[in-house]
């Protein structure tokens, strides 16, 4: 079976795989850039400190793009040592993705706890002006929620005594003024009653299995590339086949 047609077939499969791998890197790079530009304020609500997650995605995507091109070049050249290096890189990516997937699933409760602390701090220190405050407003407006557990979370904030509950909590912006939002009796009928923490954590719990499944699926797909690269390298070496 170790013939030129078999080598050609393996090369074709590996080139197709490398192209798909390259596309994966491009997607990670795009998501990282988008996350940095568009989700910066929201990320600050789920992390105690500034997170490097967008930079990790950008760096990982860039490296995958480079090695995806390297994989195509190594396959076309038919170089055994290049193919072995490519297989080694795929094994490292496999291990990194596996660890990331397991860590995210195992520490999901810690992630929820961190989100509670940071979001609660954002509510208590809300001033309607800084970036974090704008992120809170956007979150409440988009998810139609108010406060951490409910609108009463705002009663202990530094913003409430002089301004009341933020306008982003209003059920109907045209029927919601600052005077109503400062009135503890009237405000409950003007704002959302569901807290944002419950909505976000429920979404995380509901979709955690899907996220974990996709992560593990992508990770194990690296095994296909590793197998193809190793087999092609072994067959080329055994037959002293070279691509000119």
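All residue numbers here begin at 1 and follow the chain in the order shown.
Glycine too: its Cβ is placed from the backbone N, Cα and C atoms.
TrEMBL entries are annotated by machine, without manual review.
Annotation source TrEMBL lists transmembrane segment at 12-35 (among others).
Sequence-distant contacts of the transmembrane segment (55-73), counting only residues of its own chain at least 6 positions beyond either end whose CB sits under 8 Å from a CB of the stretch, comprise 14-15, 17-19, 21-33, 35-36, 82, 85-86, 89, 93, 225, 229. Taken from TrEMBL, the feature transmembrane segment applies to 55-73 (among others).
Taken from TrEMBL, the feature transmembrane segment covers 85-107 (among others).
Annotation source TrEMBL lists disulfide bond at 146-169. Within 10 Å of the Cβ of residue 169 (disulfide bond) there are 25 other Cβ atoms, across all protein chains.
Among residues of the same chain six or more beyond the transmembrane segment (208-232), those with a C-beta under 8 A of the stretch's C-beta atoms are 7, 10-11, 13-14, 17-18, 21, 24, 71, 74-75, 78, 83-84, 86-87, 90-91, 93-94, 97-98, 100-101, 104-105, 108. According to TrEMBL, the transmembrane segment annotation covers 208-232 (among others).
Sequence-remote contacts of a segment are chain residues at least 6 beyond its ends whose Cβ falls under 8 Å from one of its Cβ atoms, and for the transmembrane segment (85-107) they are 21, 64, 67, 70-71, 74, 208, 211-212, 215-216, 218-220, 222-223, 225-226, 229-230, 233. Outside the transmembrane segment (12-35), and at least 6 residues removed from its termini, the chain residues within Cβ reach (under 8 Å) are 43, 53-65, 67-69, 71-72, 75-76, 90, 218, 224-225, 228-229, 232.
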